[in-house]
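As recorded in TrEMBL, the features of this protein are as follows:
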DOMAIN    2-113  domain 'Exocyst complex component EXOC6/Sec15 N-terminal'
COMPBIAS  118-127  compositional bias 'Polar residues'
REGION    118-161  region 'Disordered'
COMPBIAS  151-160  compositional bias 'Polar residues'
DOMAIN    313-606  domain 'Exocyst complex subunit EXOC6/Sec15 C-terminal'
Amino acid sequence: KLIIAMEELKQCRLQQRNISATVDKLTLCLPVLEMYSKLREQMKSKRHYPALKTLEHLEHTYLPQVSHYRFCKIMVDNIPKLREEIKEVSMSDLKDFLESIRKHSDKIGETAMKQAQQQRNLDNIVSQHPRISGGKKSKKEACGSSELEVKNTSPMSEQDSGILDVEDEEEDEEVPGAQDLVDFSPVYRCLHIYSVLGARETFENYYRKQRRKQARLVLQPPSNMHETLDGYRKYFNQIVGFFVVEDHILHTTQGLVNRAYIDELWEMALSKTIAALRTHSSYCTDPSLVLDLKNLIVLFADTLQGYGFPVNQLFDMLLEIQDQYSETLLKKWSGVFRNILDSDNYSPIPVTNEEVYKKIVGQFPFQDAELEKQPFPKKFPFSEFVPKVYNQIKEFIYACLKFSEDLHLSSTEVDDPPPKSTNLLLTRTLSPPLQNVIKRKNLVQIIINTTHPPQSCKFLEEFITNTPPVLPETVHTTKLYPPPTFKDARHAAEEETPPNLNQKIDQFLQLPPPDWMAMEPGSKASPPLVDLIGFLRSTFAPPTHLPGDVDVHSTMSGKVAQTACMSACKHLSTSLMQLLLEAEVRQLTLGALQQFNLDVEECERKAQ
């Protein structure tokens, strides 16, 4: 019985040891199985970085304790496959992120440029009202840094890659930061996973290669970009969006991209952008579009400059566009001047009251004490084209100065564009239509008109000096030189005067022709001749109300007037003789001869 009892005790003790051993082994195996189950769950829910940490913990902490079991060997053999799966899935997330960034870079750039525009508006307000500068902070200062803040930057983030949806903001509402549009967590997760797996260099090379490809696509302008301002705006938005993302990656990752890589991309972008702008801006013929393009380029440059990118070449290119802008202005004002000259009646401007007088004096800087003393109604010596041309010259100067706004150029970089362009306007644009109108209009009035504009150059110089954005150090260089345009036009009009007068004389003498069969003479000279003499007297009357430093004899008196008068008298004498001796005149009466004698005597009397 004792032996039997001892055998039973032995079996009981053996079972107890087996149970205890089994419990111990299960205690070691269950955490391994739980960790593996947790790993599969994390893989299933796409929590790749936590899965990688679990995998490392499983491999280095738990599996070595139970490595002699067959299921553990299966797990060990499966670990490389799991690592590769994590790499592939995280890379897939990165590809989705890169694709989203490519599609939405214009939205990111638009937001960044709106921020730059808001900052510039705020700076302008502060510069105009210095007192409020202490109470308000700029958007960048409020953020504490010019760098973009990261949304969900932790590698443990489980957010999917992509761009966050943001509704369009109203003009008066605060524009969201570009960082608010982008979830960068896929980049950080993938970078960290590849770093842990020892493949960081592979990841860096892949990322940079893909971004270079995207940069080339972004920098390729659409063929019709020059047609509208929106084409340029979308092009700039995409470029800004690309570099905003790269700048953020530079400052929030350790070595994924470096400064040399960013500088290389920017140099490529700068050269391609400038080449595209030179090509497409050359197609612009509308000065308003060129001016809008300049403002957009300045905003584009200011935005990228705020992220630390050098933009001096862009401002240098704007000087080239400024020359093109001046050319488009000259073409536009050529049509303006032509319309003014063609629509003028070339008669002195009549004024009936003080209000009209002041209005014209406000349009053109004319001062004459004698004219001011005269009672109303009275007349200005010049016709309407003088104040109209003067005002259009001011409009042209203002249009030129508009281009210089916000260019951030020093006095040594500005080639005195307004005076230079204005002199070109007067010599190259105004001269041809003015020379053309001389052949068709009142020559005497044109001669009088051309004596006034050169005297207004000093007023135009003051206008240039007092109109922003003229720099204080350039005031002494703001000089307009009276071009030869008006002088040449006056000389051309003077040369055209004798043949023009002769033609007028012929017209007066032929309407109506003399009545050679009249029985009785009239009591005075014939009406056509009286009208002709009146015309000649008004033509050779000394002009009044000329600028103080203009010699009266430089208009229609002096040598030119004397020559024209002698030519007119000689032509009138010859024409009268030809009337008398024409072959068609076969007979005439004594009354007709006496009337003819009255006409000749009237000519002699008026010529003295």
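Using the three backbone atoms N, Cα and C, a Cβ is placed for every residue, glycine included.
Because TrEMBL annotations are produced automatically, they should be read as predictions rather than curated entries.
Quantities reported herein were computed from a predicted structural model and do not represent experimental measurements.
Across the domain 'Exocyst complex component EXOC6/Sec15 N-terminal' (2-113), DSSP classifies residues as 106 helix, 0 strand, 6 coil. In the compositional bias 'Polar residues' (118-127), helix, strand and coil residues by DSSP number 10 helix, 0 strand, 0 coil.
Averaged across the domain 'Exocyst complex component EXOC6/Sec15 N-terminal' (2-113), the predicted model reaches a pLDDT of 84.
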